[in-house]
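Visitor: Take this structure, written in C-alpha cells, and hold onto it; I'll ask about it next.
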Amino acid sequence: MDVFGGAPRVLGYPRPLVAQPGTDATLRCQIGGDPRPDVVWERKNVQISSEGRYRLSEEGKAYLLTITAVTAEDAGQYICKARNKVGETCAAATLKVEGQQLSSERPRFLIKPLSLRVDRGEDAAFSCKIWGTPTPEVEWEKDGKKLGDIFENSHFSVNSQEGGWFQLKVYRTRMPDKGVYTCKAVNCNGEALAGAVLLVELVPEREDSKSAKDDLPVSPSKVKKFAVAEGKHAKFRCLVTGKPKPEIVWKKDGVALDPGRRHLVFEDREGYYTLKVLYCKSQDTGLYVCAASNALGNTLSAVHLTVKGASVRFRRQLKDVEVSERDVAVLECEVPDESLPAAWYLEDQRLMPGQKYGMEEKGNRRRLTIRDVGTDDDGVYLCEMPDGAKSIAELTVKGTIVKKLPRKLEVLEGENAAFCVEVEHEDMEVHWFKDGLKLHETHHTILKSFGKTHMLVFVNVSHQDSGVVTFVAGRSTTTSRLKVKATRHCPPICPGNIKMDVDRPNSALLTWSPAPNSQTTTRSMFVVERQEVGSLEWQRCFASESATSAEVSGDSMPCEGDYRFRVCSINKYGRSGHVEFPNVVHLGKHWRRIQLMYALCKTRNQVTQGEEAHFSIELSIPMAGTWFLNSSQLQNGGRFSVRQSDARHTLVIQETRAAEDGAEITFIANGVRDSALLNVRPILDQYTLVVDRGETIVLYCELSHRFADVSWFKDGEELRAMDGLNIQSDANMRRVVIHEAEEGHSGVYTCKTAQDAIEFKVEVAVDDLHKSSMELDPVVLVCHVSREDADVIWFKNGSEVQPDEHVTVQAEGTMRRLIIRSATTTDAGSYTCQAGSNSMEFTVNPPVMIVEPKDDIVVDSIISQDVHLQCELSRSNGRVRWSKDGHDVEEGDNIQLVAEGPYRRLTVLSCTAEDSGEYVCETDGDSVFFQLNITEPPVCFTYPTEPEVQLTHTASERLELCCEISKADATVVWYRDGLEVEETSNLVLEVDGAKRRLVIPVPTPDDTGEYVCDTEDDSVAFQVTITGRSNVPEKLKCSTDKPVVLEVEVSRPNAEVKWLVEGREIGDSSNVTKTEDGLIRRLTIHCPSPDDSGRYTCEAVDDRIDFQVKVSGIIQPQYKSDINTHVTSTLSDDVVLECELSRPSVATKWYKDSNRIENDERFCIEEDGAFRSLIILCAELGDSGEYFLDALDDSISFQVTVEGEYFISLPRPVPDFLGGVVQSIFARILCKKKKKRRSNLTVCFRAPVRIIGNSSDVDFQDMAAGDELILACEVSRPNAQVQWYCNDQLLSADSRVYIESYGTLRKIIISDIQPSDSGKYVCDAGDDKMVSIVRVQGKRVEDIVLIGYEAESVTLTSYVSKDSALVRWLKDWTPVDGERFKSLMDGHKRTLIIDPLRRSDAGEYTCDSDISNPAVLWIREPDTTIGPNLKVNGMVTLCCEVAKPKADVQWLQNGKEIVPSRRFTIRADGVERSLTIHRLSRDDAGEYVCESKDDRTAAVLTVEMPRVVEFLTELHNTTVLEGEDATFKCVVSPEDVRLVWLMDNEPVAFGERFEALRNGLCHTLVIHKCHMLDCSRITVNTQVLETVHLLNVLPLDVQRCRMDTVNAEEFEEATLQTEISLETGEVQWMRQGVVIQPGPRYTLAQSGRTRTLTIHNLTLSDRGTYRCETLHDRTQVKLNVEPHYHGSPAEGQISHKTAHPCFKTEYQWSVPSKCKVPLALSMYCYSWCSSHFLSMK
C-alpha cells in the first residue's frame, strides 16, 4: 500500500462513443489508486445514480456507465470522477447519438380531463388529449374499478378521435356515478395517468317524488336486531348487486340519513355499502333501513339498533354546543358521585389540561373549557367515568368552513384519496397544503372548485403521499392526516430461470432469477435447501437477500452422496413455493469420479517473488499424469521439478517470478483434471517514516475485509499492546499507535495477514531543531492544459520547484500535478503552475483539516445505547473543540473525549432523549456536524417469535390470539383480512401488561381469516382456520308411534334461535312445541308422520346445526291372512316365498332357522316395488325349515317342507324279495346322515344316468384358432348333473367358457379357442362319460361373418397369412358366380361383396385357401316394430317360431341378455318361443332380439308415457325505456311443445319489430325499439298452461341542452330556446309556477327537437327565471330586461353602443356635465356601466 502517493490516476481514458438512437451505450474508464478510489459519474454537474436507464458497474479497475435506449438528448459529455484519501482525478467521455431517431415516446397528457358537476340525469363527458409513440392504449376507471364491471354498456361510451383526443361519456348520470375517474394511457415505453372528479347533484323536486314512490314497507319478520353499548360504534354492512349500479339511501325511522360527523356512509373495498354510527347515543336507537333501487326495481334491508346505557349513569348529560370560530366553548356534565374522576376525549384522542383546554371538577360537576375554538375543534366530545360510562356531545364550530375535513383518512397504495370541503361563500380565495407545502394541480393531484365546494384528489397514491393535508380559507383552516397503507401481507413469488451447473470439480453452481412481478417494497430472502437422495429431510444450506447464485461445494456436505437442491423466497408475510433444480449432483468431502480420488493441494497458495511454489495431487490409484503452466506442458528440469510417488504427483516451481502471478497450474491424467492458481507476491517495499522524539507514531493500513486478522511485528518480533503502545482495529483499518516516540522505537514494523504484508521503517530523530511538529497529509495541486505535449513549470513564492524525494511532478495527458509528500509548515506559500504565458496560482496553508467524514452526518440511535461520534484529522497533533447546540462539551460521567493519533472521538454512554441535538467537531480551519437523533426503541414482538402463525380451531370453543410486545404501554392495532377490527360482544381486545389478546368467545367458521397485530415497527400474523361441525347433519330415525324431540345447547341463556325445516321457518301449532330451558333449546313434534321427514335446522345468530329426520310408519306385510305360510314342495322343485309390504322402499332381511340368507346360486332374493320374494332353486331335503322375513316394524314366517323320493343308483338291479329290506336300510342310513324324519323320505332305486347316443369311440375335432368350440350331449334324466373336464382339469363358467343345461341337454361353449386349448374334453355324468379329442391349429385364414337384410348388401371378409395368396369363394362348396358377386383383394385382406341380397343367397360361404372356415349367411326380412299402443303398467308378449322344437334361443334387450324373473316370463311351446313382460315401464322400451345359433329376429318395443307439459322458468315483468329492446324468456318442457305468443290476448304478428326465437327448451320473444303503445300483457300459451307478465315502457324525454342567460332591452322581444332528445316530446313553459299559454305577447314554437318561447314588447316586469319542463326533466333560464332611455347627445354626454350576441340593440346614455344625477339613477347606471367596461364619477 502506497500510503504516501496512492492518489487516483487514469490508466485508460474513455474514448468518444457514437451510438444509434434506441441502442445501449457503455462508457468505460480505467482508474487506479491506493486505497481504491470512490468513482462517480456526472453529467452537467449532476451525479448519475444506478437507476432507470442508467446502470453503473465495475470490471476490475474499469468503471462502466451503461445507458439503455439512448436518445438524442443523451448526447454530450460525461465526467468520471475518482477520489480517495490521497487525492482525486477525473476524466471526460463524449457520447454522440447519430442516425435517425427511433419513433418512441412514452405517453403524456397534453390536455388532461376536467372535473365536472352535473345535475342528476344529465350527460357527463370527459375529454383529454394524449401524445405518445406508438399510439397508447387508453383505459378509463372509476374509483379504481373498470367501467365495464360497474356500468352496463348502454350507460357509457368510450371513443377516440384524430389528433390524440379521447373521450368518456356517461349518459343520464345517476347518484352512484359520482367519484374520481382516471384515464390511463399505456404503450411500450411507459404509461401516464390523469384523473378528474364528477359530482352529481340531486334535483330536489324529482328526488322528493322519487323517494315517495320508492318507499317499500318493511316486514317486521325480516328486521334484524343489533345492540351496542353507549359510546361504542355501530357498523352496518349491506351487500347489494345489480346493473345499473343501485342507488343506496340509508334511512333511520323513515328519514334519510345525511353523512356527517357521526354518520359515515361509504362503499368499502369488498363492495359492501356501509353505514357507521360513531359514538352511539340513546337517541340513535331506531330502525335503520338500507334502500337500494335502480331502473329495474328496488329492495331494502332493515336492522333495529338498540343503544344500551351504562349501569351507572351521569346525573346530567353533556349537551350539544354550537359556537363561532375563535370563541370559547364550554361543555358541562354531572357525575353521580363527586369523588369520581372524569377523563375528557375528543373522539379517540384524550385531552389534557393546558393552554388550550381547561378542566374543572367542582362537586358533581365536570367542566371542559375550549379556548380559541378553531375549525378542527369541531367534533364529538366524550366525558368518561372510570367504569366506562360515557356522556357524549357534539361541538359545532360555525365559521367560514362549513364542511370540514375528516380527522384522518386511510387508503391503500394505488387507490385515490379524495378530500372535500364546503365554505360559506363562493369566490373565496382558498389554498391546499400538504406538510406545509402549497399544492398545485398536476396529473396526479386534482384541485377543483364548484361554487362553495372545493375538492382535492390524490390519484393512485403511494406511500410517499402520507402526511398532513391542510385547507385554508381566509383565516380558517381544517386539517386531516392522510395515511397510505402498503398492500399488506403479500407472500413472495417463486424464483424463476432455475439452472444448475455441475461441470466443476466437487461442486455445483446454482443460479436463479427473482420473479419478474415480485414486490421490491417488502424485504425478502432467497433460501436454498439440500436433500440427500433417499432421505425425506430438507436442510438449509444457503440464504441471501440479493444473491441470485450459490456455489455448493462438497466440503460443505455432511457426508458423501447424491444431493438435490431447491430454492424458495421468504419474507415477513410468508414463503413462496419451492422450485427444485433439475439435476442430482454427487458431492462429498472426498470427491470420487471414475473410482479416482484426487484433490489438487498447494502447500503454500501464495509465495513471495523468488520463493518456491509447491503443488501436489493424490489419486486413488497410481497412474501417469502431466503438469501444465498456462497451457504449456512442464518437463522435469531447470526451474521445474516434477515427481511421482505411487498415486501422489508433486510439482515444485523454483525462483517464482512476478510475471507468473495469477498463472493457472493444471494437472491432467486419464479421466482426471484439476487446476489451481499460482499467486506470486512481489518483494515488499519499505516505507520510511521519520518522526521527532516525543511525537506520536501512527502506523495504519486498510484491509479488503473488515474481519480479517493481522499481526504486527517489530524487527521480526511480534508486538503486544502495552502502556504507550496501542494496537487498534476499526472496521477495515488496522493501526499501531505509539504515544511518545523514543529512540528505541526506531526499526522496521510489519503488518501481516494470512496472504499479504506491509512494512514501515520508522526513524526517531534525536536532534529535532530542524523538524516541524506540524505534519500534514500529502498536498496535491492539479491543473489542466489544452495540449497533452504542453510543458509547464511549477514555482513556489517565485522560485522554480525542482522534483525530489519530497516533491513529485506528474504529467498525464492534459493534467499536470504537483504532489508534496508529508507537507510541513515550511511548505506553506503561493504555488504557480505556468504554461507559456498562462498560469494558475495555488495557496497552500497548513491548517488542521478534517479528512473524514467529508460531509455532515446524521446519526440515529435509541435510548440506552452508546453513541460514538468520530472524525479523522489531517494532523495527528491537531486540536479540536466539541460543542452541542452551540455549547462546549466537557468530559463527564456519560461523555468521553478520546484522541488517538489523527482520530478524535466523542462517546455518549447510555444515551437518553436529552442527548439528541447537533454536535460539532471544529478545528481552526474546518468543522463537521453530527445530527444525533435519540428515539425510543422500536416496539417489537417478543412472542410469538415467528412472523406468521398457523392456527386451526374448533367452532364454539373460545379462541384467544395472544402476542407480547417489547414495550408495555405501546399501542397495537388488530386487523382482520386487511381491515381494522372493532370490539363487539363476540370480539374482545384485551391488554395485560406487555401482552395483547384478541378473544372471540364463540367462534364460527365465518371467523376464519388472517388476523394481524400491528405496531408502528413490527407486526405478527395469525392464519386462523375455524373448523365447524361437520356439514353432514345428524341423522335421526323415528317412528310414527313416538314423539320426535330435537335438542341443542347454546352458549348464552338469552340466545335466540330459529327452527326451520327444509329452509322454512317452523311456527307453533298443536302438534309442534318450541321450548327453552336454560341453555337448552328444544323442538317437539308430538304426533309425527312420514310427511314430517326432512332436514331440520336450529339457527342462532352465529351458528347453526342440522338434523336429518326420517319418520317411518309401521311396516306391515299386506294381506297377511291371505298369505300361505305353510309351503310343501317336492324334491328338486323351486320353492317361492312371497309377500307384499305396505311401502315399497323398506329394507328387508330373510332368515332361515335364525341364520341370515344371502343371494347365492341356490337362493335368489328379489324386490319388485312392494313385493319381496325368496326363491329356493332345486329344493333339497335340507331346505325344509322355518323361513323368516324381517321388515323393521313387522315380520312374517314361512314353514317349508320338502318331500319326495331319494333315488339311489345301484350298479345292478335289486331282487324284488330284497327290495323292502334294502330300502329300509338306505332310508335309515340317510335319515341318520341327513338328520331327517323317515316320514319325509322315500328311498327308491333307479337306473344310472346315461348319455344318450354315447359310444365308446372317442370323438375327434380339428379346429382353427379363434373358432368357437361347442360340445353337447343329452342325458337320460332332466335333473342329472354333469361336469366338464379339459385335460383332467375341471372347467367352470367364465368370460370364455359358457355352460348350459336345458332339460336333458348339456352343452359347453368355449369362445375364441386357441392352440393351448387342444386336448381331451370329458363330459362326466357320474355313471357315464363322453370323451372328445380337440385339436386346434394356428390361425391362417380368419373369417368374419356378417348377417344381412334382404335387398341390402353384405360384405364377407377374410385374412390370409401371405398378401400374395390366391383364394376362391364357394357357396355351399360351389364356386360363386354372377354380376351380384364381386371379389376384391387388398394386401392380406380378401373380400366378397354381394349386392343386392336375395333370400336364395343364404347359405355357407367358404374362402378357399390352405385352411378355410365356412361363413354362414342368413337372410331375413326387415325388422318389425311393436307399438305404439302399449301403456305403462300394461303387459306385452313377444312371440316367434323356430325350425326345431328343441332349438335353443336367447332373448336380448338392447344387446343385454334377459333373465327370467317376476316381470319377465320366457316360455317354449313346441316350435313357439315367447317372452312376456309384466308391469311395463319406460325402461322397457327398446330393441328385443330372439337369437338362435344360426339366426335371429328383432322387434322394437315402444312404451307410451303420459305427456307432461310444464314451465321450468316462467316470464318476468319487464321495464324498458322508450326505444330500447324488450326480451321475454321462458323455459318449457318438453322440447317439441308448440307455443303461442299473445299481446293483450291478441296473437303477436311477427316481423321486423317482433321476433320469436327458440333454442332447445328456451323460447324467447324480442320486441325491438319499444313504443309507449307497447305497454301490454305478454302471454305465452302451450294449449295446456300459460304464463302472463307485464311490459312497461318508460318515456325517454330527457333535455340535452342547458339554456344560457338572455339579455334584452325594454320594448324589444326576447327568444328563449332549448333542445330535447325526442322530436315528439312535449314541453310546457312556466314562470313563477304559472304555465305560459300562447297569446299576443307569447309565441310557442317547435322545430324538430328545438322548442322556443318568444316574448314580444318586453317590459321590466318580464325579468326573472323561466322554466321549461318535460315529463321527466326540466331546465331554466334567466331573462334580464334593460330599461330603454331616449335623448340626444350634447356637451358632456356619454354615448355608448354595443351589440349583444343575439340581439342588435343600441344603448345611449345622456348625462349633463354639470348636473348631479339622482342617487337611485346613479347606482343603476354604475351597475350597468360596470358590466360594459365603463366607469362613472
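Residue positions begin at 1 at the first shown residue.
Note that Cβ sites are derived from N, Cα and C of the backbone, with glycine treated the same way.
The domain 'Ig-like' annotation in TrEMBL covers 107-200, 310-396, 682-767, 777-843, 846-935, 1028-1112, 1117-1201, 1248-1334, 1350-1407, 1414-1502, 1506-1680 (among others). The domain 'Fibronectin type-III' annotation in TrEMBL covers 494-590.
Locate each feature and note its surroundings.
Guide: Residue counts for the domain 'Ig-like' (310-396) by DSSP state, with H, G and I taken as helix and E and B as strand, are 3 helix, 42 strand, 42 coil.
When averaged over the domain 'Fibronectin type-III' (494-590), pLDDT in the model lands at 81.
Secondary structure of the domain 'Ig-like' (1028-1112) per DSSP, as helix, strand and coil residue counts: 3 helix, 45 strand, 37 coil.
Secondary structure of the domain 'Ig-like' (1117-1201) per DSSP (helix as H, G, I; strand as E, B; remaining residues coil): 6 helix, 47 strand, 32 coil.
Across the domain 'Ig-like' (1350-1407), DSSP assigns 3 helix, 29 strand, 26 coil.
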Visitor: Using DSSP, what is the helix/strand/coil residue split across the domain 'Ig-like' (1248-1334)?
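Guide: Reading the DSSP string over the domain 'Ig-like' (1248-1334) gives 3 helix, 45 strand, 39 coil.
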Visitor: Spell out yes or no: are there three or more C-beta pairs under 8 angstroms between the domain 'Ig-like' (107-200) and the domain 'Ig-like' (1506-1680), with each pair 6 or more apart in sequence?
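Guide: Yes, the domain 'Ig-like' (107-200) contacts the domain 'Ig-like' (1506-1680).
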Visitor: Could you break down the residues of the domain 'Ig-like' (682-767) into DSSP helix, strand and coil, giving a count for each?
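Guide: Here the numbers are 3 helix, 47 strand, 36 coil.
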Visitor: What are the helix, strand and coil residue counts for the domain 'Fibronectin type-III' (494-590) according to DSSP?
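Guide: Residue counts in helix, strand and coil order: 3 helix, 51 strand, 43 coil.
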